[in-house]
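Going by Swiss-Prot, these are the annotated features:
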| type | residues | note |
| --- | --- | --- |
| BINDING | Arg11, Lys12, Ser99, Met100, Arg101 | substrate binding site |
| BINDING | Ser68, Ser69, Met70, Thr71, Ser99, Asn127, Lys194, Thr224, Ala295, Gly296 | FMN binding site |
| BINDING | Glu163 | Mg(2+) binding site |
Amino acid sequence: MPKEQNLDIERKQEHIEINLKQNVNSTLKSGLESIKFIHNALPEINYDSIDTTTTFLGKDMKAPILISSMTGGTARARDINYRLAQAAQKSGIAMGLGSMRILLTKPDTIKTFTVRHVAPDIPLLANIGAVQLNYGVTPKECQYLIDTIKADALILHLNVLHELTQPEGNKNWENLLPKIKEVINYLSVPVIVKEVGYGLSKQVAKKLIKAGVKVLDIAGSGGTSWSQVEAYRAKNSMQNRIASSFINWGITTLDSLKMLQEISKDITIIASGGLQSGIDGAKAIRMGANIFGLAGKLLKAADIAESLVLEEIQVIIEQLKITMLCTGSCTLKDLAKAEIMW
């Protein structure tokens, strides 16, 4: 096996291990904690009539939840992805896969990503770093990733800070937008552009929408800090000092949502980054999101058992439904207009 492929697998293994064992959270909070719903003591709604259903990528979902992209490429990642996918299928929610670049150079990693057979009905998202378009990945190869796992969309993730704090990271980020547009025009499915924990600004969102992007995952600061993950991976003190200095970098999830409010009418917004509960998810929907994503706590559960993932998802859904009832919101559209205070 070429040395570069070995390094890719080693890096993915280290990422899982560090995320499970170390505190890699940003020192920033998501900002959602500053929002308070106005409690409705007389909601006049039957709990059984609360409707959390929605549609995403043409598929029905029982709740507006995305299992955010995490991993792939290793045996441990295969088990994690299978458990996440099975739980997503049973819960009626969406799932994103981790970066699939390794599949283009190491085809035998395919089993770590192919989960459609255990999750036939869910919105399933393929995933690759957008910067890879500057390093030889073609629109045709992006379509190959989609076809291989029977995905409903392709995530192009923007992870500039993560790449720059990796010793082996990709540093050429020029002229990327035209290449993203090429992929959008070539593919048979929609493209989702996603940050990885540092937020999307209004200016960047406008550029992406103009290029044809219909779904944005803001992935704001407040959750996992990938620069902090790289600080733990650092092989020397200099690398550690550089990476760890960015632990409070980024646009918080709430600030990113507020920036995108006036331009989000015709696109789908996924809110992720530091969300910890269905209450946080409800706040994100109130601030303009259509769907909310979580990763960290589901990763920890999926490393152990599918039943724990199912339990976490059920807790999140129940928190969402209780929040809806306590704000007098029968549907997600009602929740998006619920009274709040700061």
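Any Cβ shown, glycine's included, is placed from N, Cα and C.
Taking Cα separation as the measure, Lys194 (FMN binding site) is nearest to Ser99 of the binding-site residues Arg11, Lys12, Ser99, Met100. Across the structure, Ser68 (FMN binding site) and Arg101 (substrate binding site) place their CA atoms 17 angstrom apart. Taking the Cα atom of each, Met70 (FMN binding site) and Ser99 (substrate binding site) are about 8 angstrom apart. The candidate set comprises the binding-site residues Ser68, Ser99. Of these, Ser68 has the most other Cβ atoms within 10 Å. In this view, the densest Cβ surroundings among the binding-site residues Met70, Met100, Ala295 belong to Met100, judged by other Cβ atoms lying within 10 Å.
The binding residues for substrate are recorded as Arg11, Lys12, Ser99, Met100, Arg101; their greatest pairwise CA distance is 13 Å.
Around the Cβ of Lys194 (FMN binding site), a 10 Å sphere holds 25 further Cβ atoms from the protein chains shown. Recorded residues Lys12 (substrate binding site) and Ala295 (FMN binding site) have their alpha carbons 16 Å apart, per Cα-Cα distance. The Cβ neighbour count for Lys12 (substrate binding site), using a 10 Å radius over every protein chain in view, is 21. The binding-site residues examined here are Arg11, Arg101; by Cβ neighbour count within 10 Å, the least packed of them is Arg11. Following the DSSP three-state reduction, the secondary structure of Met100 (substrate binding site) is coil.
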